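Trainee: One structure is given below, represented as structure tokens, and several questions about it will come after.
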Amino acid sequence: MSSCKTTLSEMVGSVTKDRGTINVKARTRSSNVTFKPPVTHDMVRSLFDPTLKKSLLEKCIALAIISNFFICYWVFQRFGLQFTKYFFLVQYLFWRIAYNLGIGLVLHYQSHYETLTNCAKTHAIFSKIPHNKDANSNFSTNSNSFSEKFWNFIRKFCQYEIRSKMPKEYDLFAYPEEINVWLIFRQFVDLILMQDFVTYIIYVYLSIPYSWVQIFNWRSLLGVILILFNIWVKLDAHRVVKDYAWYWGDFFFLEESELIFDGVFNISPHPMYSIGYLGYYGLSLICNDYKVLLVSVFGHYSQFLFLKYVENPHIERTYGDGTDSDSQMNSRIDDLISKENYDYSRPLINMGLSFNNFNKLRFTDYFTIGTVAALMLGAIMNARFINLNYLFITVFVTKLVSWLFISTILYKQSQSKWFTRLFLENGYTQVYSYEQWQFIYNYYLVLTYTLMIIYTGLQIWSNFSNINNSQLIFGLILVALQTWCDKETRLAISDFGWFYGDFFLSNYISTRKLTSQGIYRYLNHPEAVLGVVGVWGTVLMTNFAVTNIILAVLWTLTNFILVKFIETPHVNKIYGKTKRVSGVGKTLLGLKPLRQVSDIVNRIENIIIKSLVDESKNSNGGAELLPKNYQDNKEWNILIQEAMDSVATRLSPYCELKIENEQIETNFVLPTPVTLNWKMPIELYNGDDWIGLYKVIDTRADREKTRVGSGGHWSATSKDSYMNHGLRHKESVTEIKATEKYVQGKVTFDTSLLYFENGIYEFRYHSGNSHKVLLISTPFEISLPVLNTTTPELFEKDLTEFLTKVNVLKDGKFRPLGNKFFGMDSLKQLIKNSIGVELSSEYMRRVNGDAHIISHRAWDIKQTLDSLA
């Protein structure tokens, strides 16, 4: 109902102890005069508690309030129900305007210019009246001036009013004018606020249906719950802020006391103006009259205008804007992105019925707005011909598929920076990838909500005769609530948080701390709670249509899954797994029954976890029963190697196929060549025998015959064989000689014959011009080198040296024609193996294979990804 409750609730809370029991000090706003405020009481006690002294104005106010009921009875008997309703409706509108506009103007001028205080000082309203009146004195009553007579009357009346109201020990002249002005101001506030409340209640009472059937239903039950909750909000708010805030005390003077957040002020921003008006809607539900609901909406909306144009400006001038370094972090990140990337511009964002940050030079903005315009115009022009069943399927499928797409991007981005890598490897920047994501996400929101609006609008239009006006208005209120939630969320976390910036630009985060400002002070995940209430509002607007219920469930589930299983794990990874209790959670846990339930749940959870841990320990104990050798990886590998050697060669003493230095080296790092020694009995040797190189995983199925092609990775055993294949075999066959019993030789597989893929390989010796296997070598490993990535210069040096040895570098540019086995994919794999990043083939072709550009680009990507880790 009043201001400083918002002032202190939003900015610093308020004292929770009674003013009379603690030593509260106050000071005037301009002169800084300190004083101890007197004990005051709340509005209801001041007016109706018979044990308290009553001033003349308080008695008049109480009589005016009570007279409303007699007037209501008389007007009802004389003019009937409808006239009486409108009579009190007009009264309510008058007092509501007097509240929001009248009190608003008074407080506005008091806040800016201390108008009431200066007026009291100028006319000495709270100064002592001398007994010997001087003709030149301000207190002279000899003058016939109406002005002086008027101010003399005001002076006497105000002093009499305060003396009759306050205890005898209250010294009127010992206090500064500010406190006395405030005490008089309270009287007029009591009149306006009580009249506003009583006339509204009478109007509502006259609007309640006479039929018991219309009263006793689910709407009335929900209405009573809202009213009871509203009463608790009012009582708890007054418990926290006391009279000082209830009557806008900080417009007159400032209290110096310990200020804390408590109770209802942990549940909602501006609780007296937000959830403090839920009783209005509870009464509207009981009445089931859309006219009452519209009046309630008017009263509530005018209160928000009062908050926006009177209280909030005063709050910011008196206490600051309430933001700290943590709450401004995301905003600073947005500024930093714009500063470091001259071609970056703020993304287009849809907020309700408007678009923010429209860029006339950005095509995607036209595309987004054009999509909305096309869908809306198409729906309006073809409303009669649209099949609602098909439209429902379209909305459902569009929402589900687009959500899966969005969720997949976020999940893969969180796990491996997939989306950023996709753009980096194609030559774009990290920020450019973020810009594309911003378009995708905003377009997803715009498209799905536009389709939902169209479908709901057509549902209402096609079945308007069955739509309940109250339900329609309540639905619009829920839509407005979701729109407000979105705006508050964006205000709290800025564009960076709205577009999941910590998924894409975590290297821009300087402080690993989640914001607890704005709406996040009350809810940990407002988008999961209030971010779908507008969709449920469409259920009300369409009179609980089954299709709208299905869509609302879909929206709710997808929102919940995204927050629970993608956003929350990522937030824990970036900011640490800290348990942050929301304001609502603190308040609920402060209630003793709920706190007891929470303790029971925690104890049960601890018991379950302990039992699972004990069971896990028992099951792990079975591993000790295994032989120790089987737990030793090195010995296990030796056993596997011996088993493979046992089938690698024939029993003949002259059958041999061995890799040189295989006892020393089983892992060949490219471009190191692999030399093979072979021996074959002379009676088995054929001049067309050949040796092929294969991946073990491809040939493991058959040890007698090779059933896969060598892909060119083969060599003859004799220089004179396979002459039609050019000089390749003359270079690979380095030695061959024959004796009476056997033939032996050496074959070297260099970069012109080797694979450029990491893996386990083997050589196979084939008989004649066939694929019959005579000998199989010991498996060995081929791996790409790990280049030096300490600096971009060293990385470029190692890369160019390797490409030169592989014969694919010419004039500093990659030319795969020099080696048919080392193509674009091999180069990509080499870079990925060395530096952990991948460049696309398209990008490398775009830069014409320039080794300098490729190496430096890969190194830059590595630095970017490292900064995101």
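Note: Cβ is positioned from N, Cα and C throughout, glycine not excepted.
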Trainee: Kindly tell me whether the record in Swiss-Prot places CYS158 on the same side of the membrane as LEU505.
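Mentor: According to Swiss-Prot, which assigns topological domains, CYS158 and LEU505 fall on the same side of the membrane.
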Trainee: Before we move on, state whether the transmembrane segment (464-484) and the transmembrane segment (259-279) share at least 3 Cβ pairs under 8 Å, counting only pairs 6 or more apart in sequence.
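Mentor: Output no: the transmembrane segment (464-484) is apart from the transmembrane segment (259-279).
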Trainee: Residue counts in helix (H, G, I), strand (E, B) and coil for the topological domain 'Lumenal' (234-258), per DSSP?
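Mentor: Counting residues per DSSP class in the topological domain 'Lumenal' (234-258), I get 16 helix, 4 strand, 5 coil.
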Trainee: Write out how many residues of the topological domain 'Cytoplasmic' (384-389) are helix, how many strand and how many coil, based on DSSP.
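Mentor: Across the topological domain 'Cytoplasmic' (384-389), DSSP assigns the residues as follows: 2 helix, 0 strand, 4 coil.
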Trainee: Residue list, the transmembrane segment (363-383) vs rest of chain: Cβ under 8 Å, 6 or more residues beyond ends.
Mentor: 348, 350, 355, 439, 442-443, 446-447, 450-451, 454, 457-458, 461
Trainee: Please indicate, using numbers and ranges, the residues of the same chain that are 6 or more beyond the topological domain 'Cytoplasmic' (209-212) and have a C-beta under 8 Å from a C-beta there.
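Mentor: Same-chain contacts beyond the ends: 287-289.
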Trainee: The transmembrane segment (390-410) and the transmembrane segment (87-107): do they have three or more Cβ pairs under 8 Å, with pairs 6 or more apart in sequence?
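Mentor: Counting Cβ pairs under 8 Å, fewer than 3, so no.
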Trainee: Ranking 56-76, 188-208, 390-410, 440-460 by Cβ pairs under 8 Å to the transmembrane segment (292-310), which is first?
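Mentor: The listed stretch sharing the most Cβ pairs with the transmembrane segment (292-310) is 188-208.
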Trainee: I'd like to know if the transmembrane segment (440-460) touches the transmembrane segment (188-208) in this structure, counting it as a touch only when three or more C-beta pairs sit under 8 Å and are separated by 6 or more positions.
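Mentor: These two stretches do not touch.
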